[in-house]
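Participant: Pulled these features from TrEMBL for this protein:
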- 1-24: signal peptide (SIGNAL)
- 227-250: transmembrane segment (TRANSMEM)
- 292-320: transmembrane segment (TRANSMEM)
- 326-350: transmembrane segment (TRANSMEM)
- 362-387: transmembrane segment (TRANSMEM)
- 393-415: transmembrane segment (TRANSMEM)
- 453-472: transmembrane segment (TRANSMEM)
- 484-505: transmembrane segment (TRANSMEM)
- 517-540: transmembrane segment (TRANSMEM)
- 555-582: transmembrane segment (TRANSMEM)
Amino acid sequence: MDRIRAFLVAVAVVAICGVPQVRSTASDHRYKAGDEVPLYANKVGPYHNPSETYRYFDFPFCSSAPVKEKKEALGEVLNGDRLVSAPYKLEFLTEKEAEIACKRKLTKEEVVKFRKAVSKDYYFQMYYDDLPIWGFLGKVEKEGKTDPADYKYYLFKHLVFEIHYNKDRVIEITVRSDPNALVDLTEDVPVDVDFMYTVKWKETNTPFEKRMDKYSLSSSLPHHLEIHWFSIINSCVTVLLLTGFLATILMRVLKNDFIKYAHDEESADDQEESGWKYIHGDVFRYPKHKSLFAAALGSGTQLFTLTSFIFILALVGVFYPYNRGALFTALVVIYALTSGIAGYTAASFYCQLEGTNWVRNLLLTGSLFCGPLFVTFCFLNTVAIAYKATAALPFGTIMVIFLIWALVTSPLLVLGGIAGKNSKAEFQAPCRTTKYPREIPPLPWYRKTIPQMAMAGFLPFSAIYIELYYIFASVWGHRIYTIYSILFIVFIILLIVTAFITVALTYFQLAAEDHEWWWRSFLCGGSTGLFIYTYCLYYYNARSDMSGFMQTSFFFGYMACICYGFFLMLGAIGFRASLLFVRHIYRSIKCE
């Protein structure tokens, strides 16, 4: 068992650290004239529903040779890639003109299937020497027709490949459909189709190392960069003004409080305390449901570590455009390897809060994020199976993920928990907690939990609002996001604003003599996740053309898991910042 575990860990490390070296698997091959260059058909699907994709040969295309499936890595399968040999032969430097790939007689049912696909703007994706290419299956003729029943539906039967090469390497490929080679699919009658293709080769001076650059240019165009930088400058100015305003008020009020309390200690002892010093005997009273609280803190810390590692890999160039599945592989592997951090953080903090059932706490930590994610996955995978889509994971892939969880994630979680339990760390409380809690005075409505969460989440969300559109358009669309440096700056701004606004609200809560700040700080910090999910509703209805039960369930299901992860991560950040602040202000005064 230990050998298997060590092997999986080694594979995981290689899968992540080795990604930059596999930038060109088949692409490292140099070719001679006449050599066969690998061309794989990947998937087809409606253009506006990125999650709803199907295998290429689920549609009645034909192949002139036996179909061979390409072995794929874990991340590629999770990405929905299902590569098979394509029916077109594109030998290196071999030009072809209107060559017939195969002939097929479409039945009435196959004509109907193609017509439905054309009406929904279905596209296909292929990979030639690891370079992606796209094309549409057909077109709908609507000109001069107001009644949909009069529309004409056509299937493209002739593809024109234009390939650029530099000496003995493939540099670029594009595909277009011949607008004059059409098959009429309007009527439900069998039809004969000759699938043809043309291949043209052109020489270029573009070096092989820069052949992927064109795929990232769309997000690096000047007007796009201007929007990104405007977003950052706008966020920075807003953050500086608001946080500076709050900081000035907070520091001035705190300074006055310190002076007042120092003066009170020198004056008569019968002078009554008020404000946050009044509750010094309750402010470090342990929260309710401390096992759940420690588990949430541990899970949030793990997700923060995961996000940090993902940004490091992105900034060093691992997630270059169309490095198929690299992001999903990184997410699975790094999450497994960082589970020890969750176990250590949760168990250590739980023991500091004088918890005794640390085993139950570890089980809660391990299932707090994975549990909802597993339930969501089971439902969505069932939907994908019902649709026969490529998003449905094969049994073998599910077993691989289960083995990673059983042999890597769970043992590291337990080891981290044991290390946390044995750390013998004590909770650092500057003030002694009284035996009985003070009664919290009645609070106005705007000081309750829900209004405070709304105020706490709005400012961080406003700082990332503009950048969210580009991220959504990349994840749930066909845009390419490559400006990770800007995204990293936005992420840092998000963390700073979350920490600061949570600290400010914690102070106002303590000043109102409400000592139950533990859960409040976590909820306020994580409330940005709720705002992001609300933005999902807006994006789905106003900014996208997604439709259908499968795409809708995938969008809202997986976005719920992502926003829940943000809630845990930012909640942990908010609580940690508030804990440092509360310890600091109570350490600065003499508490009796």
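Note that the numbers count up from 1, one per residue, in the order the chain is shown.
Using N, Cα and C of the backbone, Cβ positions are placed for all residues, glycine too.
Just so you know, TrEMBL annotations never went through curation; they're auto-generated.
Predicted, not measured: the structure shown is a model, and the values here were computed from it.
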Participant: Determine whether the transmembrane segment (292-320) and the transmembrane segment (484-505) share at least three Cβ pairs under 8 Å, counting only pairs 6 or more apart in sequence.
Facilitator: yes
Participant: Please report, as numbers and ranges, the same-chain residues at least 6 past the borders of the transmembrane segment (227-250) whose CB is under 8 Å from any CB of it.
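Facilitator: For the transmembrane segment (227-250), the nonlocal Cβ contacts are 459, 462-464, 466-467, 470, 483, 486, 489-490, 493, 496-497, 500-501, 503-504, 507.
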Participant: Please indicate, using numbers and ranges, the residues of the same chain that are 6 or more beyond the transmembrane segment (326-350) and have a C-beta under 8 Å from a C-beta there.
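Facilitator: Distant Cβ neighbours of the transmembrane segment (326-350) are 9, 12-13, 15-16, 19, 73-75, 78-79, 290-291, 294-295, 297-299, 301-302, 305-306, 309-310, 313, 318-319, 358, 361-362, 364-366, 401, 404-405, 408-410, 412-421, 423, 425.
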Participant: Sort out for me which stretch, of 453-472, 484-505, 517-540, 555-582, has the most Cβ pairs below 8 angstroms to the transmembrane segment (362-387).
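Facilitator: Answer is 555-582, with the largest number of Cβ pairs below 8 Å.
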Participant: Looking at 484-505, 517-540, 555-582, which one has the highest count of Cβ pairs under 8 angstroms to the transmembrane segment (453-472)?
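Facilitator: Comparing 484-505, 517-540, 555-582: 517-540 has the most Cβ pairs near the transmembrane segment (453-472).
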Participant: Could you pull out which residues elsewhere in the chain have a CB under 8 Å from any CB of the transmembrane segment (555-582), counting only those six or more residues past its ends?
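Facilitator: Same-chain contacts beyond the flanks: 51, 283-284, 296-297, 299-301, 303-304, 307, 368-369, 372-373, 376, 379-380, 456, 460, 476, 494-495, 498-500, 502-503, 506-507, 510, 517-518, 521-530, 532-533, 536, 540, 546.
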